[in-house]
Amino acid sequence: MLTDGSQHTYQNGETKNSKEHERKCDESAHLQDNSQTTHKKKEKKNSKEKHGIKHSESEHLQDDISQRVTGKGRRRNSKGTPKKLRFNRPRILEDGKKPRNPATTRLRTISNKRRKKDIDSEDEVIPELATPTKESFPKRRKNEKIKRSVARTLNFKQEIVLSCLEFDKICGPIFPRGKKRTTTRRRYDFLCFLLPMPVWKKQSRRSKRRKNMVRWARIASSSKLLEETLPLIVSHPTINGQADASLHIDDTLVRHVVSKQTKKSANNVIEHLNRQITYQKDHGLSSLADVPLHIEDTLIKSASSVLSERPIKKTKDIAKLIKDMGRLKINKKVTTMIKADKKLVTAKVNLDPETIKEWDVLMVNDSPSRSYDDKETEAKWKKEREIFQTRIDLFINRMHRLQGNRKFKQWKGSVVDSVVGVFLTQNTTDYLSSNAFMSVAAKFPVDAREGLSYYIEEPQDAKSSECIILSDESISKVEDHENTAKRKNEKTGIIEDEIVDWNNLRRMYTKEGSRPEMHMDSVNWSDVRLSGQNVLETTIKKRGQFRILSERILKFLNDEVNQNGNIDLEWLRNAPSHLVKRYLLEIEGIGLKSAECVRLLGLKHHAFPVDTNVGRIAVRLGLVPLEPLPNGVQMHQLFEYPSMDSIQKYLWPRLCKLPQETLYELHYQMITFGKVFCTKTIPNCNACPMKSECKYFASAYVSSKVLLESPEEKMHEPNTFMNAHSQDVAVDMTSNINLVEECVSSGCSDQAICYKPLVEFPSSPRAEIPESTDIEDVPFMNLYQSYASVPKIDFDLDALKKSVEDALVISGRMSSSDEEISKALVIPTPENACIPIKPPRKMKYYNRLRTEHVVYVLPDNHELLHDFERRKLDDPSPYLLAIWQPGETSSSFVPPKKKCSSDGSKLCKIKNCSYCWTIREQNSNIFRGTILIPCRTAMRGAFPLNGTYFQTNEVFADHETSLNPIVFRRELCKGLEKRALYCGSTVTSIFKLLDTRRIELCFWTGFLCLRAFDRKQRDPKELVRRLHTPPDERGPKFMSDDDI
């Protein structure tokens, strides 16, 4: 140990008598006990005298420290046996108290085990100062051996490093490698997990375990302080090079574990250091590291903090940093920072002042007939409207050939049905919205026995009036009322009257007498209003946004009752169109698009609503001009389309002169076209009949690498079909799909997509329809056309070349050589005018979006339809029969297979064994089947918005026969016509990436099925797995026990 600048060593061969050694140990122990007793007795009388005695005792015991540390001078207890010493860390004293002499403190061992000391080696012993509080160690177990703690010996030439381990469970100085540190054995009391324990006990135990980290953090801060202030006192005579040899500070100390620093000047730092040096001289310590620390030492500001601080960064740097960080986003799942998606470009409609002026005039008068002051302006609008009419006629003509006839056909329903219907159509698909309305109609049915009292009941004001029939006088009053003050609607910017007496207008336009049957309500809206919001929310919960929609619907119904006394809006059919528009816009939750839907589809007004499908199609077909896209974005790269209101502002001034029937068919065809072909993502451009006039297709065609390929190169592989489902199905029970559709040939498809075959079951000879038919079958027979009568769609190559040239100009490729452009524009056949479609990872996924079946067409007088409602004469679809395969169950989504080893002599009882059930059905001469109901017949011809939710060839699967099939004789299927049935979740998923011919045949000769229908409860159901299983619900884990 270092004492007064000298080093104590033991020479080789020097020995001592054991008795003399024990005597000295007893004397030192006795002297220390006496010193402590004298210290306690004289503490109150004379502090100076106490300090002198203490100082003399420390000098006397200084020489014996090394002996006690090495274990040669152990203290003995009353029995004479050596007593184990306790060693503690340095004490941290409070302000105003003097530290204890380090020579009188008891030392603490650092190493784990006692090591034999070599006599020839030179060792240095590092004493450690006592802590102010006693540490309580856990009690040892009876069978546990007592471990001895000895002093840690270090080679003098090794470097002493004082540092702290941040957030370590065992904190302390970093010792040289190869030496182990002592660790306190932790005992975990598992009773604390069962019994409640006070918080203060837990905190006290943790504080005892981690007390060393706080001490050594302060020692590290003091060492850092010495390192920074040594240049200020380098000339001090008591600090020599020999004493500084052991003072090596680690530069990598952690600073943020040090307690908060106070603001002091550099003079206070030097003055405090001088006090420490004086203490070192008075007590004869070897270095400043041996001086005990005070609490105030940790609060002194270091010398580095006295120096001038760095200037604060400028605001621009901070703003730049914020901007850079703003481009990053945190992924909560991965907890990593990734680049944010690029900001999507939103297109804007190029609205000229003349269009905006014409729009404002039409919103005020709502009449297309007006006179222009300038003949040139009138001629300009007339020319533009003629051009638009030509393009609209072309679109309707092609869509009629592909998607069938969609002209206006009246459905039953009231105005209230349509208003609630547009509430349910907002921000969702037609499938979910139609299901929601069907659920409401099933929950609150109309009681036909109570009759027309609810519908015919007139308000008291109307009964007391002398006449409620429209006359010239009443109409003139309305015209005078319309010339009052105007105001601007915040929703649409329409100039409107400030005050309108709706009660007076309602009495004026309400017709006398009963309401016709076509305008009856489909739902008992009075019961809906009285049921409460919770009941309505539960009814439409599957639709989504049920809380907001239920609140709006009930508010609308309550407002009608509060204002008019009943729920009746049939007077809007007779009111002027501009007043109807204003009345609808004043309903909370009804916007311009919803109001136009009610007017066009429910009231047959002259209007044209623009929804997401219509707006996207109008932009892609070039009906609406756009402002130049920034950053070189092409049309096919556009994701965010202009707002629907801006598109309607451009379209309506040019469509206002078209007839109402044309506007209805145009809207209906556009809605279906947007679901089948022109979808938002992955549109089916290669099968689209409008690709020759499409700006989107031309842009994608120019940007693709296929542009400069030779015509001989094939873009897509021909369509291929697989064989039958399974070898277990007999060959005579299956037939090729070409008996049902003419799309089997490999050259009919432009895309490389594999389709599963349609299984025709059972196989029966095709019989001709008898010539003599009943009068009931006449409309049924006229509905269906032969395959040869399906119209063929023309392809305009000249229009496509013109679109490609325009796309080349926009993309900037016209600067290329004329040879390259001529090669690009060589399109000999429509089949080569295709764009590459990135194939999906799993081609089977698109195949599983639809399930194809072969069904039989049932006449209206068929024996199997006795328990079903009579088909509506104006329903374009018939009843259908889907046959079950032998061994098939309602939950089967894979073809049945043979499950037993029977040879036919003895049949098994397994439900899904195709072999045994085929023999049973053949021996019994029976079939099992499911009935499919036409949608118009299932809804009894009543649905809001004139039934535009459904497709013209849509059918519902009977839920009862889907679970428990009907069993009938095989003779009942003879002579029935076979058709194709496409089942799926939505119309978009069914037609995903189908070729043009198959889509055309599906609309003209096939049928669609999206849902099942419960005839008793009259509410929609999901299709059973046998008819269709979504891709996400396929696999072994979804199979039932019968299918395994």
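Backbone N, Cα and C atoms are what each Cβ position is placed from, and that goes for glycine too.
If you look up Swiss-Prot, you'll see Cys678, Cys685, Cys688, Cys694 marked as [4Fe-4S] cluster binding site, on the strength of similarity to another entry. Counted within 10 Å of its Cβ, the other Cβ atoms near Cys694 ([4Fe-4S] cluster binding site) come to 26, all protein chains included.
As annotated by Swiss-Prot, compositional bias 'Polar residues' applies to 1-15.
Swiss-Prot lists 16-30 (among others) with the feature compositional bias 'Basic and acidic residues'.
Residues or ranges marked as compositional bias 'Basic residues' by Swiss-Prot: 38-53 (among others).
Per Swiss-Prot, compositional bias 'Basic and acidic residues' is recorded for 54-66 (among others).
As annotated by Swiss-Prot, compositional bias 'Basic residues' applies to 71-89 (among others).
The region 'Disordered' annotation in Swiss-Prot covers 1-107 (among others).
Shown for the region 'DEMETER' (348-445): DSSP residue counts in helix, strand and coil, namely 67 helix, 2 strand, 29 coil. Sequence annotations record features per position, and here Swiss-Prot assigns region 'DEMETER' to 348-445.
Taken from Swiss-Prot, the feature region 'Disordered' covers 1024-1044 (among others).
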Worksheet item: Over all shown protein chains, what is the count of other CB atoms within 10 A of the CB belonging to Cys685 ([4Fe-4S] cluster binding site)?
Response: 22
Practice prompt. For the recorded [4Fe-4S] cluster site, enumerate neighbouring residues of the same chain (Cβ within 8 Å of the Cβ centroid of Cys678, Cys685, Cys688, Cys694, site residues themselves excluded), in sequence order.
Written response: Arg620, Phe677, Pro683, Asn684, Met690, Lys691, Tyr696, Phe697
Practice prompt. Report, as a single number, how many Cβ atoms besides its own are within 10 Å of the Cβ of Cys678 ([4Fe-4S] cluster binding site).
Written response: 20
Discussion item. Can you tell me how many other Cβ atoms are located within 10 Å of the Cβ belonging to Cys688 ([4Fe-4S] cluster binding site)?
Written reply: 22
Worksheet, complete the sentence: In the region 'DEMETER' (348-445), averaged pLDDT is 90
